[in-house]
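Reviewing the structure listed below.
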Amino acid sequence: MTLDPNVAARLKRNAEGLFTAVVQERGSGDVLMVAWMDDDALDRTLKTREATYYSRSRGEQWVKGATSGHTQHVHSVRLDCDGDTVLLTVDQVGGACHTGDHTCFDATVLL
């Protein structure tokens, strides 16, 4: 797969070629998680509507829910004004967090 050159030209990546993905639940508006993407992960996400991310620790792409069954069906992808973050709007099946929680932001409230 190859990311559309017009989209690729707008992206601002870090030194590792990655950019941030913020994931929001379509129905509730809850922020579910933040992850990393590379061009190929974004391209796969756009073409399949399966949320695909890049794992820095494993050095590879991963499709959300491929092993856990906690999938994300992508309804929209938006690029922010700086080009360094995308916002995915998804239908979440199961927990979005690796802990099994619905969102990665269910923990301690700081303020």
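Yeah, the Cβs are placed from backbone N, Cα and C, and that goes for glycine too.
The shown structure was predicted, so the numbers you read here are calculated from the model rather than taken from an experiment.
Copied over from Swiss-Prot, here are the features:
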- Asp80, Asp82, Asp84: Mg(2+) binding site (BINDING)
- Cys81, Cys97, Cys104: Zn(2+) binding site (BINDING)
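The two recorded residues Asp80 (Mg(2+) binding site) and Cys97 (Zn(2+) binding site) have their Cα atoms spaced 23 Å from each other.
Taking a C-beta cut-off of under 8 angstroms and a sequence separation of 6 or more, Cys97 (Zn(2+) binding site) has the following same-chain neighbours: Leu32, Met33, Thr103, Cys104, Asp106.
Spatially close to Asp82 (Mg(2+) binding site) yet at least six residues away along the chain are Lys12, judged by Cβ distances under 8 angstroms. In this view, Cys81 (Zn(2+) binding site) is surrounded by 6 other Cβ atoms within 10 Å of its Cβ, with every protein chain counted.
Within 8 Å of the centroid defined by the CB atoms of Asp80, Asp82, Asp84, the record's Mg(2+) site, lie the Cβ atoms of Lys12, Phe19, Leu79, Cys81, Gly83, Thr85, excluding the listed residues themselves. Sequence-distant contacts (6 or more apart, same chain, Cβ under 8 Å) of Asp84 (Mg(2+) binding site) comprise Leu11, Lys12, Arg13, Phe19, Thr20. Within 10 Å of the C-beta of Asp80 (Mg(2+) binding site) there are 13 other C-beta atoms, taking all protein chains into account.
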